[in-house]
2 protein chains.
Amino acid sequence: MFKLKKTASSTKARLGTLSTDHGKIDTPIFMPVGTLGTVKAVKQDELIDKVKAQIILGNTYHLYLRPGCDIIENAGGLHSFINWDRPILTDSGGYQIFSLSDNRELTEEGAKFKSHLDGSKHMFTPENIVDIQRTLGSDIMMVLDECPPYPSSYEYAKESMELTHRWEKRGREAFLNTKPKYSHKQAQFGIVQGGTYEDLRIESSKYVTDLDFEGIAIGGLSVGEPTELMYEMTDLNTDYLPEDKPRYLMGVGKPENLLHAIARGIDMFDCVLPTRNARNGQIFTRNGYINIRNAKWKNHQKPLDPDFPTDLCQKYKMSYIHHLFRNNELLGLELASLHNLTFYLWLMDKVKERITNDTFHTWYKEKAEVLGTKI
Amino acid sequence: MFKLKKTASSTKARLGTLSTDHGKIDTPIFMPVGTLGTVKAVKQDELIDKVKAQIILGNTYHLYLRPGCDIIENAGGLHSFINWDRPILTDSGGYQIFSLSDNRELTEEGAKFKSHLDGSKHMFTPENIVDIQRTLGSDIMMVLDECPPYPSSYEYAKESMELTHRWEKRGREAFLNTKPKYSHKQAQFGIVQGGTYEDLRIESSKYVTDLDFEGIAIGGLSVGEPTELMYEMTDLNTDYLPEDKPRYLMGVGKPENLLHAIARGIDMFDCVLPTRNARNGQIFTRNGYINIRNAKWKNHQKPLDPDFPTDLCQKYKMSYIHHLFRNNELLGLELASLHNLTFYLWLMDKVKERITNDTFHTWYKEKAEVLGTKI
């Protein structure tokens, strides 16, 4: 499903194409997160027409609890339920069980957990998480894993990784022994774990590669470790991953993180940050980020950046955007969410241009520094 | 500014055109409410392209407190501040002083009140409320009035009406003695009061007519009185209002209320109901209203009304809309707000068609009953 088109000079940045029955995806790509089947505050047609999203993400844990697999199956799958005919990736719920559930219990069989909504008891296994994602009908499904916290002891990270490996083997078999429920094909990605320990990361890269998933994700990062350590682990991982499979760094991140991770060989990203931070008033721009709630914008009577193609940048004076946020008006959340996602996809386009004309290595560090600066 | 085009048979329903420097308005019309300079959850371009809004309303009380007149003046007026180049009507703040402010004190001079935001002290007078609306630059401004509660004693209603009349005389003089701050003309509407007492309503209709405002509003209704009484008072008022001035029934209401009020000679409406109720899950349809949170929609796998031109009706299965509301997703609020406003403006179009072909009187009562039914 993946075609590597070009590898850049001096860095590990790559251009590629990921093919699904719902369309092609040009990598490097950022995937807006639609946890419950909606990218918060953004309409589906805006995701296509304005954000230029090529693929969005849904969360298996959340969708399994609400509305539940029966409702989505009755609707004809997740694409039909949410009226989205481009590619969808669903995660495996491993991260949510780690982050959302107070009471969880890991056994060899799988992960028992209590719903964060009503306390009801559930269990995810490597096998049923494949079945659930067959019902959702995502174009790309993720294998069940355990995401260890940071910091974890070497012993915990190793045991957790080994459990994840056994789950991944079972998950891959379950995938290969079952068929899609709808008329389109599905792919399955494995997940590399290993905490922040180099030998475990290398071992996991090799193990997951051997299971021959259609793509490979790097998990367990962006969970509180220093940014430099995240970059190091990513760099190490991609050294041991095959060239001909897409690489997906889960849950990352800020614009500058994306540039550094692309330089280290990553093709795919997802993160709630652009939409969540938009709702808190953080706006990403080509010259750094701002907080629109700051009083400096109260009487700022010009648009933010008339040359950047979003309504927030072109159509309104900053005094108005500030006013919307100060009064918790929904329009502020809508404009900011739409802007930040458009910015992320715009950044991926710039990256592709830079890799295409082979100037990525001379550009990305400086650009990352600019993007990470508060203005 | 108003041209009466046609009066229907058998009812007092009218067709007219209201001309402003920001464009013409075909009456009967519903004006979406943009309290703080934004119609909640709806983008300005959607108001034009989808809702087909011809005029929107802003609240002087709210805008005066936030962002404040200085910010709006620096932006070049309310149209420029919110990036809206169609007509705007601003109210006078009288109703908000009545409904929002715990501590208010009415004197001959005006209304002293404490801000609901920070407790700061302010005063609106018939004169400064003209100045404030000159700064906002609305196409239609309202005169300062007092809105008595329901029920009010005859004595209170009479004294309140008389104070309002004295304020209106001063307000009209202030309007005639001042000029617009921007390049477009402004009009001023008077407000009829008098509680629910027939003789006071008649007296007020005559008094306000004599002040020769560009239009006349009926105030003090839809404040808790029985619906039939609201219709009676409206009917009585319009008997005493001139044919050649637009009539605006403030703060009304439900779709069925609009039809009954149009039959009684009303041309203009505003109400937060379509957007506020949308946010609570009430959706208006051609066949009655529904509550999308109701469990009956949970597994309803069809669109609501594929022939009605809104995304809510055409693009999504009801199971998805229900899911969005059940999870308090912003997309649900956006789709429902957009739908309800589109429905209100669609209803005004149907009314115009019915008056044009002179079948309004045979249609509106039955239609009102259908629209007021929960399905």
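Every residue gets a Cβ built from N, Cα and C, even glycine.
These features come from TrEMBL:
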DOMAIN    B:11-369  domain 'tRNA-guanine(15) transglycosylase-like'
ACT_SITE  B:Asp91  active site, proton acceptor
BINDING   B:Asp91, B:Ser92, B:Gly93, B:Gly94, B:Tyr95, B:Asp145, B:Gln193, B:Gly220  substrate binding site
REGION    B:251-257  region 'RNA binding'
ACT_SITE  B:Asp270  active site, nucleophile
REGION    B:275-279  region 'RNA binding'
Compare all C-alpha positions of B:Asp91, B:Ser92, B:Gly93, B:Gly94, B:Tyr95, B:Asp145, B:Gln193, B:Gly220, the record's substrate binders, and send over the largest distance in angstrom.
15
Across all the protein chains here, work out how many other Cβ atoms are within 10 Å of the Cβ of B:Gly93 (substrate binding site).
27
Rounded to the nearest Å, what's the C-alpha distance separating B:Tyr95 (substrate binding site) and B:Asp270 (active site, nucleophile)? Just drop the number here, would you?
13
With the cut-off set at 10 Å between Cβ atoms, which of these recorded positions ends up with the most neighbours? Options: B:Asp91, B:Asp145, B:Asp270.
B:Asp145
Non-site residues, in chain order, whose CB comes within 8 A of the mean position of the CB atoms of B:Asp91, B:Ser92, B:Gly93, B:Gly94, B:Tyr95, B:Asp145, B:Gln193, B:Gly220 at substrate:
B:Ile97, B:Phe98, B:Met142, B:Leu144, B:Glu146, B:Cys147, B:Ile191, B:Gly219, B:Met250
Which residue among the binding-site residues B:Gly94, B:Gly220 has the fewest other Cβ atoms within 10 Å of its Cβ, if you could check?
B:Gly94
Under a three-state reading of DSSP, tell me whether the residue listed as 'active site, proton acceptor' is helix, strand or coil.
coil
Over the domain 'tRNA-guanine(15) transglycosylase-like' (B:11-369), what is the model's mean pLDDT?
97
Counts by DSSP class (helix H/G/I, strand E/B, coil) across the region 'RNA binding' (B:275-279)
5 helix, 0 strand, 0 coil
Just the number: how many Å between the Cα atoms of B:Gly93 (substrate binding site) and B:Asp270 (active site, nucleophile)?
14
Within the chain of B:Ser92 (substrate binding site), which residues six or more apart in sequence place their C-beta under 8 angstroms from its C-beta?
B:Thr60, B:Phe124, B:Ile129, B:Gln133, B:Met141, B:Met142, B:Val143, B:Leu144, B:Asp145, B:Gly171, B:Ile191
Any idea what DSSP makes of the residue listed as 'active site, nucleophile', helix, strand or coil?
strand
May I ask for the distance between B:Gly220 (substrate binding site) and B:Asp91 (active site, proton acceptor), taken between their Cα atoms and rounded to an integer number of Å?
13
Which one of the binding-site residues (B:Tyr95, B:Gln193) has its C-beta surrounded by the most other C-beta atoms within 10 angstroms?
B:Gln193
If I take the alpha carbons of B:Gly94 (substrate binding site) and the residue listed as 'active site, nucleophile', what is the distance between them in whole Å?
15
Please report the distance from the Cα of B:Asp270 (active site, nucleophile) to the Cα of the residue listed as 'active site, proton acceptor', rounded to the nearest angstrom.
10
Nearest-integer angstrom distance between the alpha carbons (Cα) of the residue listed as 'active site, proton acceptor' and B:Gln193 (substrate binding site):
15
